[in-house]
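Features of the protein shown, as given by TrEMBL:
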type    : residues                                                         : note
DOMAIN  : 20-29                                                            : domain 'Uroporphyrinogen decarboxylase (URO-D)'
BINDING : Arg25, Gln26, Ala27, Gly28, Arg29, Asp74, Tyr150, Ser205, His323 : substrate binding site
SITE    : Asp74                                                            : site 'Transition state stabilizer'
DOMAIN  : 138-154                                                          : domain 'Uroporphyrinogen decarboxylase (URO-D)'
Amino acid sequence: MTSMAPLLVAARGGTPSHTPVWFMRQAGRSLPEYRALRQGTAMLDACMDPEMVCEITMQPVRRHGVDGAILFSDIVVPLKAAGVDLDIVAGTGPVVANPVRTIEDVRKLPELHAEQVQPVADAIGLLLKELPQQVALIGFAGAPFTLASYLVEGGPSKNHERTKALMHGNPELWHALLAKIADVTAAFLHAQLDAGVQAVQLFDSWAGALSERDYREFVLPHSKRVLETITTVPRIHFGVGTGELLPAMREAGADVVGVDWRIPLDVAVQRLEQAAPQLPKPVVQGNLDPALFFAGFDAVEREVRRIHAEGKAAAGHIFNLGHGVLPDTDPEIITRTVELIHSL
Ligand code: CP3
């Protein structure tokens, strides 16, 4: 019998042979081999090229020896594949040609059919042949709120003012919008699951912009509907600035709760346990500030040791950053960090 990948053992609250580690945005601009391969190919075209997706997903696995491979894609890929006119602009992020603001706009939003993301499924097929057995392949999608923010604002937003205006000014329209996005998100995740991903992460990157009350009323039911459809693999639920939302995000459906760098893991565990004493001890992921990689290895080592110790308060800890790898990060320090975590 073959043993289960350490990341999947930790995600289930078991005791793996070593602390598993991967990094959000590990596949991307911090790697020279990524930049070389991407030369001349637009981001969204790269996401629809199975060989390229496979190679970029493999790059950080080969270089850093991480325990998880995050599928190279983007949260807007399913929207684009379904027919929404949008692009990813370098240095800016997703830009939507016709922002969604009226009931007519919501009605016009297309559904996603699995064949529209067949190249993603093909890439997963290639990856399952190439990945070492101990490395878990993680699929992902954007959560309804974070995708809604891009669709409503038309691009990245600091204050999410149009999104919040719609949420509070026209709740009926808001819920219709989130329900439609939830269908797209679920369809994208199921296309990945059918192709064989071994865990999934729902990125609600901007949920931390909301109060807990608003999150519960306007977002949680939709994320919950997506996550409830996934019963076969561990589900990781992640956001930034979500210290106040962690119990609600677990309630939405999460086997693993993502934690940014703003609160320590033992505090996160305490909040999760107090909110739901009837549930099993929580599993957490994250916590290292991505900016720490610019502070030198001694500073990283101190933080890694602290986080590793505090992570013992959880039933399982998947080591990760509190958000994605920053583009100017030195890849060498990432590799050394993985070696350190594996040695603890
Ligand atoms: O390594 C990985 O984590 C896998 C790939 C991945 C990408 N985007 C590739 C990417 C993942 C998991 C994402 C998710 C994603 N995309 C999120 C959620 C995670 C988070 O960071 O909060 C969000 C909010 C997006 C939207 C998005 N796409 C942004 C904000 C940007 C950055 C814009 C910029 O250029 O600074 C993108 C583009 C993007 N997605 C890049 C990559 C590697 C950079 C584009 C490029 O290399 O040309």
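Cβ atoms are placed via backbone N, Cα and C, with glycine included.
This view paints the features noted in TrEMBL onto the structure.
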residue : record                             : contacts (Cβ under 8 Å, 6+ apart)
Arg25   : substrate binding site             : Gly324, Val325
Ala27   : substrate binding site             : Tyr34, Ile56, Thr57, Gln59, Pro60, Ile70, Phe72
Arg29   : substrate binding site             : Arg35, Pro327
Asp74   : site 'Transition state stabilizer' : Met43, Leu44, Cys47, Ile88, Pro94
Tyr150  : substrate binding site             : Ile75, Val76, Leu86, Gly93, Pro94, Val96, Pro156
His323  : substrate binding site             : Met24, Ser205, Val240, Asp260, Trp261, Pro290
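With DSSP states grouped into helix (H, G, I), strand (E, B) and coil, the domain 'Uroporphyrinogen decarboxylase (URO-D)' (20-29) comes out at 0 helix, 1 strand, 9 coil. The secondary structure of Tyr150 (substrate binding site), as reduced to three states from DSSP, is helical. Ala27, Arg29 are the binding-site residues among Ala27, Arg29, Tyr150 whose C-beta comes within less than 6 Å of an atom of ligand 1, given in sequence order. Residues Arg25, Gln26, Ala27, Gly28, Arg29, Asp74, Tyr150, Ser205, His323 are recorded as binding substrate; their most distant pair of Cα atoms lies 23 Å apart. Over the domain 'Uroporphyrinogen decarboxylase (URO-D)' (138-154), the average per-residue pLDDT in this prediction is 98.
In the three-state DSSP reading, His323 (substrate binding site) counts as coil.
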